[in-house]
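Residues or ranges marked as signal peptide in Swiss-Prot (evidence: similarity to another entry): 1-22. What Swiss-Prot lists as disulfide bond is C29-C40, C57-C153, C128-C145. What Swiss-Prot lists as domain 'C-type lectin' is 36-154. Here Swiss-Prot flags N49, N62, N101 as N-linked glycosylation site, drawing on sequence analysis. Among the features that Swiss-Prot reports, carbohydrate binding site is placed at D97, P98, Q99, K100, N101, K134, D135, K136.
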Amino acid sequence: MASKCVRLLLLLSWVAGPEVLSDILRPSCASGWFNYRSHCYGYFRKLRNWSHAELECQSYGNGSHLASVLNPKEASVISKYITGYQRSLPVWIGLHDPQKNASWQWIDGSTNQYRPWSPRTKSEARHCTEMNPKDKFLTWNKNGCTKRQHFLCKYRP
C-alpha cells in the first residue's frame, strides 16, 4: 500500500507540478485559521489586552503564540486576510519589549529583524506592537500593552 502511495505522489508531481503537490501535502489548520508557508494563522475579532491575547493564542495549542511577521510577503498575505474582515481597528502581533529598554523580541522566539514601524508611532511607555490599519496593516505601531484590541495568532502544524 505504501509503495502505491509513493508511486501516486511521484506521478502527481510529474504530471501536475510542484504547486499542486504542495497543495495536496499542505498541513491542515484548525477550522477558521488560514495557511501560509507551512504556518497557520488565526485572526480573532475579540478585544483583549496584549497579555490576554497571548494567553488565548497559547490556549489553542500546537505551540500557538501571537504572530511573528517576518518579511514583507508574509505581511502582505496577512494584510489581505485581515482587510477581508475589517479595515479600521489595530491588531496585536507578538513583537514586544518585555524589559522596557527598546530590546524588541518576538514572543515565539523568532529572531528576524523585520520591523516596518509606522513613521507616526510613538515610543514612550509603549512596549507592545500592533498592525496599523491606516497603512492596510503593513506598518506597525508601538502601543500600551493594556489596550484591548483584535489579535493574530500563529502556529506551525
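Glycine residues also receive a Cβ, built from the backbone N, Cα and C atoms like all the rest.
Using P98 (carbohydrate binding site) as the reference Cα, a 10 A cut-off selects C128 from the recorded positions C29, C40, N62, C128. Neighbour counts of Cβ atoms within 10 Å were compared across the disulfide-bonded residues C29, C57, C128, C145, C153; the minimum falls on C29.
When the alpha carbons of C29 (disulfide bond) and K136 (carbohydrate binding site) are compared, the span between them is 25 angstrom. In this structure the alpha carbons, written CA, of D97 (carbohydrate binding site) and N62 (N-linked glycosylation site) are 24 Å apart. DSSP assigns K136 (carbohydrate binding site) to coil, not to a helix or a strand. Considering only the recorded positions N49, C57, C153, N101 (carbohydrate binding site) has N49 as its nearest partner by CA-CA distance.
For D135 (carbohydrate binding site) paired with C128 (disulfide bond), the C-alpha to C-alpha distance reads 18 Å. Within 10 Å of the C-beta of N62 (N-linked glycosylation site) there are 15 other C-beta atoms, taking all protein chains into account. Of the candidate recorded positions, C40, N49, N62, C145, the one lying closest to K100 (carbohydrate binding site) when CA atoms are compared is C145.
The DSSP breakdown of the domain 'C-type lectin' (36-154), given as helix, strand and coil counts, is 25 helix, 36 strand, 58 coil.
The binding-site residues shown are Q99, K134, K136; of these, the one with its CA atom nearest the CA of N49 (N-linked glycosylation site) is Q99.
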